[in-house]
Amino acid sequence: MPVGTQGTIKGLTTNQLEEIGCQIVLGNTYHLALRPTSELIDELGGLHKFMNWPRALLTDSGGFQMVSLLHLADITEEGVTFQSPVDGKPMLLTPEESIQIQNRIGADIIMALDDVVKTTITGPRIEEAMYRTLRWIDRCIAAHKRPSEQNLFGIVQGGLDPVLRDKCVRGLVHRNLPGYAIGGLAGGEDKDSFWRVVAQCTAALPEDKPRYVMGVGYPLDIVVCSALGADMYDCVYPTRTARFGTALIPEGVLKLKHTAMADDVRPIDPTCNCMVCKNYTRAYIHCLVTKDAMGSQLLSYHNLYYMMKLGRDLHTSIIQGCFPEFVCGFLQKMFPKGDVPEWVCNAMEVAGIDISSCCAPFSSS
């Protein structure tokens, strides 16, 4: 899911998003509630109509922004107290208010307010956050006024502690929600811990409900998590890295700012069928990148096209029963010398995917 923080994917029109095959976009409740406000969005017919997007939308709860973007955020049983960026006054976001705001915005999938703690934190705070997340999900369910139109997903917390993650998964599954997210990852933990939490959660969550790993957007991470049973992802990475002049390609990344690109007349990726690769050279984009808005727009288009195609290819390979072959092909392009990181090899082994043909004997992370 591309992240459309303010109801827009930076630099792309909704028509272009449809063109590249995007099925669902993420909006940030916190940003939309500040501007233009959820009341105005509701008055104007909901976010779909407001941003002219006929396909699916997901909104987050706003909790993550409170903790990550704002100073002096204080989490209590009542909710998250934070400083208003408008006038500096203390404001309170409760589970009930988060759901009310999301009901007004009108996305197809809405997220429960959870107690967010970075995975790099240890100690009793992790346990407190997990139990509070379970208490808050009941408040979210009770406050949800549009359950037949909007699917409320719960978020699994518990840091890197398998016992706490297990308790949280069981608690959420018991509440029989339309879908489940794995939260609190992609925040600086080591990759070995990351994949093990994903593997544990996906194994315990229902197979017939969507499983969403929040904040994950690197292509390699998405392939690994898909092997472990996850279905949905969101991240600003493809568009943010585009604004810094970096393109996603099967071999990894291509930095268009490098002077070597100045006279390179090849497309970004000769194997890509996107509008950018069909019409523009590396040299042209190098000339624009970071200097002209068109540079980041073209790279954002290409990067999202790449991610959408990756998602479709993963999906198709699963349907057609050739997922292991797809994974091997993906890894061979990214690691032609066979230096696949050890954490990837370990994760694939647990997932039951044989990638020995594309791994050198002594891979290291």
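Each Cβ is built from the backbone N, Cα and C atoms, and glycine gets one as well.
Looking at 26-32, 215-221, 334-340, the range tied to region 'RNA binding' in TrEMBL is 215-221. TrEMBL assigns the feature region 'RNA binding' to residues 239-243, out of the candidate ranges 14-18, 119-123, 174-178, 239-243.
If you compare Cα positions, Cys277 (Zn(2+) binding site) sits closest to Gly184 out of the binding-site residues Gly63, Asp114, Gly184. Using CA atoms as reference points, the binding-site residues Asp60, Ser61, Asp114, Gly184, Cys272 were checked against Asp234 (active site, nucleophile), and the closest is Asp60. Residue environment of His302 (Zn(2+) binding site) contains 27 other Cβ atoms, counted within 10 Å of its Cβ in all protein chains.
Taking only the Cα positions, the spacing between Cys272 (Zn(2+) binding site) and Asp60 (substrate binding site) is 32 angstrom. Within the same chain, the residues at least 6 positions away from Ser61 (substrate binding site) whose Cβ sits under 8 Å from its Cβ are Thr29, Ser98, Gln102, Ile110, Met111, Ala112, Leu113, Asp114, Ile155, listed in sequence order. Taking the domain 'tRNA-guanine(15) transglycosylase-like' (1-334) as a whole, pLDDT averages 95 in the prediction.
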